[in-house]
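> Below are the features I grabbed from TrEMBL:
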{"type": "TRANSMEM", "residues": "20-40", "note": "transmembrane segment"}
{"type": "TRANSMEM", "residues": "47-64", "note": "transmembrane segment"}
{"type": "TRANSMEM", "residues": "98-120", "note": "transmembrane segment"}
{"type": "TRANSMEM", "residues": "141-166", "note": "transmembrane segment"}
{"type": "TRANSMEM", "residues": "186-208", "note": "transmembrane segment"}
{"type": "TRANSMEM", "residues": "220-245", "note": "transmembrane segment"}
{"type": "TRANSMEM", "residues": "251-272", "note": "transmembrane segment"}
Amino acid sequence: LSSISGIGLVYLTLGKFIDIAAMPIVGYLPFAIIITGYFGKVKYGPIPVGIVAMLAGTALAWATSANMGENVRDAAKLVRWYPPVFPVGNMFRNMAKISPYISTTISTAISIAVGTIQCVESARRAGDFYPTRESMFADGFAFLLGILPVVAEWGQGTIVSGISSAYQSIANQSFTDEIKEGIAGFHYNGLVSFAGGSLLQCIFLTVIMMHMIDRKWLPAVFWSVLAAVFAFFGLINSSAVGVLYRENEDTGWKFTTAFGMLAVLFLLFEFLQRRTGWKSQKLSQ
């Protein structure tokens with residue numbers, strides 16, 4: 001199941017972690033709250049873990065000017081009543097046009113259905129039990145959501161608009177200075193930061209998450225501080241080695257700040273654990 005789990009991790013987590021790496025000061029602390037809450041079983045009072053992470057991320061985004069008041073005002077204009085629409089007739093209007101694709105569609109659907117059953121059976125052999133009927137229903141429901149006009153038109157418009165605007169303007173742009181800002185819907189800076197010192201970075205993140213899940217806060221503090229030092233000198237989260245502190249050119253100081261915030265959070269948890277008597281979990285195997 002290693003290949004299946006690898007594909008699942010890439011599809012489900014890599015894109016989201018790239019978003020976190022694009023703004024580490026905003027994203028690392030909520031990420032730690034999610035891990036400690038859902039996997040470390042840390043309770044944040046009567047407030048759900050997701051709400052705490054969302055509030056922390058929102059506060060950090062406003063504090064670092066990642067959120068802008070203008071964007072909120074523009075979004076507020078979209079909040080209004082939209083009457084429901086039932087385009088039953090449109091569902092069958094173009095049935096004649098899909099006949100060339102029926103052979104491909106049916107074979108692909110059968111392949112996907114068989115693949116879902118194989119994944120469920122493989123997981124069952126490994127000890128993870130998932131109901132086959134519900135798994136296939138979720139797969140089909142997600143497919144139905146994907147073919148909704150609002151989703152399909154959004155995807156088509158995103159691709160067409162991106163290509164057309166790039167075709168008109170990319171020839172007049174400075175490639176090294178402004179091309180990254182022209183990549184819409186993908187945090188290129190996060191990918192670059194995540195790629196810098198990726199092996200060491202994965203070791204740090206894995207060990208920190210392991211101690212978060214086990215609620216071993218002092219070891220988590222140690223590894224967070226060590227990661228902050230490595231990031232400050234460009235050994236991780238950067239393509240250059242040196243003291244990284246220049247805001248417009250280097251991002252190492254941002255990861256240093258993010259790891260430092262994690263260390264402070266873990267120190268707070270250690271203090272509360274000693275005061276309230278939290279029980280530490282067994283070490284992860």
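Glycine is treated like the rest: Cβ placed from N, Cα and C.
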> Hey, does the transmembrane segment (20-40) touch the transmembrane segment (186-208), meaning at least 3 C-beta pairs closer than 8 angstroms, sequence gap 6 or more?
yes
> Under 8 Å between C-beta atoms and at least six residues away from its ends: which parts of the chain pack against the transmembrane segment (20-40)?
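For the transmembrane segment (20-40), the far contacts come to 49-50, 52-54, 56-57, 60-61, 64, 66, 187, 189-191, 193-194, 209, 212-215, 237, 251, 254-255, 257-259, 261-262, 265, 269, 281.
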> Going along the chain, which residues at least six beyond the ends of the transmembrane segment (47-64) come within the CB cut-off of under 8 Å?
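Tertiary neighbours of the transmembrane segment (47-64) are 23, 25-27, 29-31, 33-34, 37-38.
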